[in-house]
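Database features (TrEMBL):
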- 150-236: domain 'Ig-like' (DOMAIN)
- 250-349: domain 'Ig-like' (DOMAIN)
- 360-441: domain 'Ig-like' (DOMAIN)
- 448-535: domain 'Ig-like' (DOMAIN)
- 564-587: transmembrane segment (TRANSMEM)
- 624-651: region 'Disordered' (REGION)
- 642-651: compositional bias 'Basic and acidic residues' (COMPBIAS)
Amino acid sequence: MVGIRERWIRASGGLQSWARRAAARPGLGALQQQGYASKVEVSMPKVVEVDLGNTAMLPCRFPDSNITYVHWSYITRAGRTKVHSWVQGKVFTEDPPYVGRVSMDDAFTLAITQTTLQDARIFVCQVGAGSLGVGENRTELRVYKAPEPPEIRANEGGISVGSSESQEIAECIVRNSFPGPNITWLKDGHRLHQEDDKVKVMDTRTQEASGLFTARSRLFAFVTRQDRHAYFQCQAHYLLSGGERQAQSPKVQVHVFYPTENVSLAISAPRPQVKEGDHVALRCQGDGNPPPEYTFFRVQNNTATGEEEEQELPGKVDKGVLSLGKVHKEDTGRYRCKGLDLETMETLTANAELVVNYIEGLKVMKESSEPVSEGDNLTLTCEARGSRPLAFHWHKDKKGKALGSRQQLQLSNITREAAGNYICEVTMPGVQGLSRNKQVLVVVHGKPQVSVEEPGVPVQENELVTLTCTALAQPEPSITWSANGTVQNHTENYSVVSNLTVQVTSKLLRSGVTCTATNYLGVASRHIQLERRMTPTMPTTTTPAGNATVETIKKEQKPQESKGVIIVAVIVCILVLAVLGAVLYFLHKKGKIPCGRTGKQDITKPDARKDEVVVEVKSDKLPEEAGLLQATNGDQKPAGDQGEKYIDLRH
């Protein structure tokens, strides 16, 4: 960093030359010429460093004996300027810019606070010791300022590989430093050095009005195709108290333009082996920047001339991708992509083969069209074509177990249970998701097999009952019943289900009902016995006439039973009221019931027992009705008297 220090000296105004000129002026030499013997030795450091704004400490060391004064001053082009003095115990600050900023401790060390760029000078400490003479020495004060973080600006327009001259890669700016910094360049972390034919660096440095420096550096270079991935950054080197420092800028990349040298065409599909129905796209990619203009073609051979014919494919090309949509076997063939480099106007081509795998012509056949009967043998054959070898798999119904893995399926000694759908599934090994299937119905002919839900059905006479009969047979049988009623038939899982709804009679209770199924191969039937259902009985009573047993049958429905109870209760109440009225009338005729006419009268006798009943009747009857009652004392009230009456019912 010799260069930085030299620039610092130049920035501070050539202090060494000032010092040489100052030595020729009246000073220590003049004192010696006047006859003063200099016996005071003053020691000071040659250089003191401080960061801008911090406090600088300038020590001044000498023997501590008979000191009469200490003067601190700095050297300028005009001479010396006193800053701070100590004279026989008194302190003086003489230079206005330093008032309030300088001080001196007991060891005569000068402290300068809030240092500025103007403080970068040579300071002199002069010591007077009376008869011992005068001594002095000097210190260079250097002030440093760290720069702001480096700024880097990449070339936004981009750089062409084919340029005949080096082009600007980036510019680096380092602001507000003192002294001015050095700038170096890095590529992928490695230092770049100037080379006449490859790399050039142009540096400028400007001192601002504040006294701080701003450095600029521009990097010029030739680039290659490989530089499209390179990172560039600049590095600032500057001084602070204590040594050299470094600061790096962010990394940047440059747009590098280069021609297309290669073009590739790829088939973009969900899986390596394309099948019918897959979404397929053609992806063309060139290695130039900017990328070339792409055009897609279908290539076919002319059978007449044997030459290739290109058919341009329609559709929008987006970043080198053309979608073909869902493909079919007819899309199998050769495709071509052309890339036109707009800078060199050169056209490059690439080809790719598309194979669309398929399965077609699937059919399942029986060896004979004749009906299959129980005990027969049957061969089922599955045929299909495909773009690659096929595999065959047999199973019965949708979730049946596997039956075989060949084109033919042998069924031997067929039973009725063998009837159903037989499915042939065809797959293409190595092509995921490609499969086709087809089924054939195998019908086994035989005489009917009849089943009923229950051979014995509990019923009651006169009730309606539904009986069910199921017949399994091919061809489909007809079902008849031995009893007349409503019949409903339906087919379910190759079986005929028949429902008979009939009213139970005493004859049916004795004979039962028979279900008969018939086809041309035979007849089968099942008998259903109707059994009388027993009901709960009450205790029996015997009549004198014929010792007949009368059974009280419990009501079957709660609403009817409730109505019967209500009717019986009403009849009983009416009978009780009728008997009570007859008794009252009989007692009245016998004169047992006295009636009072003079208002309310106590008819309770002193010796009345607690269980005797007294009834008080408040009547609103007409006079002729009231005359029926007699008072206890034998008096009778007029017919118009409607007072209260009392009836004694104790006798």
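Glycine too: its Cβ is placed from the backbone N, Cα and C atoms.
In terms of DSSP helix, strand and coil, the domain 'Ig-like' (448-535) has 6 helix, 58 strand, 24 coil. Helix, strand and coil content of the domain 'Ig-like' (360-441), in residues and according to DSSP, is 3 helix, 46 strand, 33 coil. Simply put, out of 150-236, 360-441, 448-535, 150-236 has the most Cβ pairs sitting under 8 Å from the domain 'Ig-like' (250-349).
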